[in-house]
Amino acid sequence: MTTIDVKVLDPRMADQLPAYATPGSAGLDLRACLDQPLELAPGQAALIPTGLAVHIGDPGLAAMLLPRSGLGHKHGIVLGNLVGLIDSDYQGPLMVSCWNRGSAAFTVQPMERIAQMVIVPVVQAAFRRVESFEASDRGTGGFGSTGRG
Ligand SMILES: O=c1ccn([C@H]2C[C@H](O)[C@@H](COP(=O)(O)OP(=O)(O)OP(=O)(O)O)O2)c(=O)[nH]1
Ligand SMILES: [Mg+2]
């Protein structure tokens with residue numbers, strides 16, 4: 001198990017550090033540290049604090065923020081940036097852009113679980129400039145070049 005430093009920015013999160021809900025969970029639920037309910041009109045997005053800061057510290061790791069499937073599918077509550085990427089050297093407050101992509105208003109309740117965070121491995125690459133690539137089977141074909149279905 002990898003250990004990541006976390007700061008509690010909102011005292012309500014002191015006994016709710018990120019934790020896997022089941023032994024096989026990939027995601028860690030993040031909560032909306034709001035003082036009052038926040039209504040999101042259809043199409044509206046809001047940046048919501050999670051009450052936490054994390055410092056991943058290892059350039060070989062990052063965190064990705066993803067929607068919770070129930071909120072996204074049933075209520076249209078996804079992320080305004082579609083996916084949040086947390087750099088390993090970021091030390092600021094962990095924020096969630098909550099976007100109501102649905103057609104009905106949705107009220108986010110204080111401390112409700114609004115998104116999930118996945119810790120993922122990252123490969124940092126160096127780029128070597130070349131004039132031509134070694135031939136590959138695909139070559140330059142893309143964007144449907146192999147057919148639709
Ligand atoms: O959903 C998110 C996305 C990002 N961040 C934080 C952590 C991340 O490391 C930092 C920068 O994110 P990103 O690089 O995606 O945003 P940017 O618009 O490129 O900002 P910057 O110029 O600061 O890199 O913002 C969050 O708290 N939540
Ligand atoms: Mg950036």
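Using N, Cα and C of the backbone, Cβ positions are placed for all residues, glycine too.
Annotation comment: TrEMBL describes 17-147 as domain 'dUTPase-like'.
For the recorded site, Gly70 (substrate binding site), the DSSP three-state label reads helix. The substrate binding site feature in TrEMBL is assigned to Arg68, Ser69, Gly70, Asn81, Leu85, Ile86, Asp87.
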Any of the binding-site residues Ser69, Ile86, Asp87 with a C-beta atom under 6 A from ligand 1? Give them in order, or none.
Ile86, Asp87
